[in-house]
C-alpha cells in the first residue's frame, strides 16, 4: 500500500533558506539549502520541495544551481518552484535534477500552461501550488507569492487544475503559514474527497498531532517547514509518531548518502 | 563503463548522479558507438510510451539497442518507462509496439478511491524468486519510489522478480537473464535504490 509522505518545504531567498510568517514578515535565516537537504536526507524524509520565493516578483525562474547541487548527493524526489513561466524553464530545471516543478502564478495567468506542461513532461511532473486566504467570502486564491488576491475560489481552482492535468495539488493556507497552529483541516477534508490526484497539505504544522490530523483528513502528503527548522521535532519523531498511531508511513531508516 | 541511453525523455542526470555516487563511471549518450563500447546499458524514461518509442525509432536507436542486448547479450537495466518499452505491446493512448524483449503487455492500472492512479509515492516490494536484486534491503521497509499509471503484464510469470500492491498486484521488476528492469525509480529511492543499483552492478550475467 502506498505510504503517506512527509515532505520538508524549503523556502529559498538569495541562495539561503529562510522562513517567515504568513508570507510577509518575521523572516528568519534557516541555513544553507544544500547542507540542510543532506541532513533531511539522512533523516529519511520522503521527498523535498524547494521554493524560490523571490523568483516570481523578480520576473525570473527558480535558481537551478541549488537543485543541481542537491541532486548530486540526495537520491529522492525533488520538486522545485518559483517564477516558472515557460516549458523551456521546466526543461532546464528537470535537467538540473528536479523531478517535478511547482507552478502557481503562471497557472493563474494562463491555465492552459498547466495542460501544455503536463502533455510535454507528463502529469506526474507538474505540481500545481495554490496559495489562499480564508475570509467571509470563502477561501480565495492569491497569486504572485501571496501579494495579489484573486476572485478564484480555492476549491474550484484546485478541481480545475486537476482537470488541466496537474499531477498533484499543493494547498497552502497563507493565514496559517509559519504560525504552527495546525493545518487547515476543513480545506483538506473537503478537497481530498473531491480530488482524484494526490493532495499535498502545506502550512500550519506545529505539533506531531497536527501532522496526524492532516493525513487523517485525507492529505496524501504533508509539507513541514517551521516545525522542522525552529522546534526540536525531527522527521524521525514525526514518522515514529505517525507510525505508532496507525498511519501508513515508511519505516524508519537513515540514509547512507 | 555504463551508458545511460538519452533519447530525450527522463531525468537522466539523477541516474548518472546515482552511479557516480556509487563510484561507477556512467555516461549519458545517444551514440550507438557508445552502446557498443559500454559494459552495461541503462534505458531510462519518464513520459508517454508512444512518444518514447517514436523517439527511439526516429533517432535510429532501436537496431543498435537490439544488437547490443539481443545479439551481444550486454546487461541492460530498464527503469520506469524504460522497462515498459521492453514489452511487446502497450495500450497507453492507442496501441504501440515496443522493443519486445519481454513477452508482455503494458496495460492501465485500475484506479480506486484508496489507490489512485497514477501511483505516486513509496510502496513496498514483494520479491519473487531468489531476490538477488533486492539483497541487503531491510525486510521491513524495502519501500521504493513509484510514479506510473500503466504497468507491465508478463505472459511468462517467471519473468517477474518483484511485485507491489496498489489496489491490484502490480509488476514492480522483471528479469530474464541479462535483461533486467524496474517499474520504480531506484535513483529516487534513497538507500534502497542505491543498494538495488549496486546489486545490479555486482551481478554477473
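Start at 1 and count along the chain as shown; that gives each residue its number.
Cβ coordinates are placed from backbone N, Cα and C, and glycine is handled just like the others.
Automated prediction, rather than curation, is the source of TrEMBL annotations.
Feature annotations, courtesy of TrEMBL:
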type     : residues : note
DOMAIN   : B:3-200  : domain 'Glutamine amidotransferase'
ACT_SITE : B:80     : active site, nucleophile
ACT_SITE : B:185    : active site
ACT_SITE : B:187    : active site
Open item on the list: Can you tell me how many other Cβ atoms are located within 10 Å of the Cβ belonging to the residue listed as 'active site, nucleophile'?
Closed with: 28
- [ ] List the residues of the same chain that sit at least 6 positions away from residue B:185 (active site) in sequence and have their Cβ under 8 Å from its Cβ, in sequence order, or write 'none'.
- [x] B:79, B:80, B:144, B:145, B:146, B:147, B:193
- [ ] Note the mean pLDDT of the domain 'Glutamine amidotransferase' (B:3-200), expressed as a whole number.
- [x] 95
Task: Around the Cβ of residue B:187 (active site), the count of other Cβ atoms that are within 10 Å - done: 31
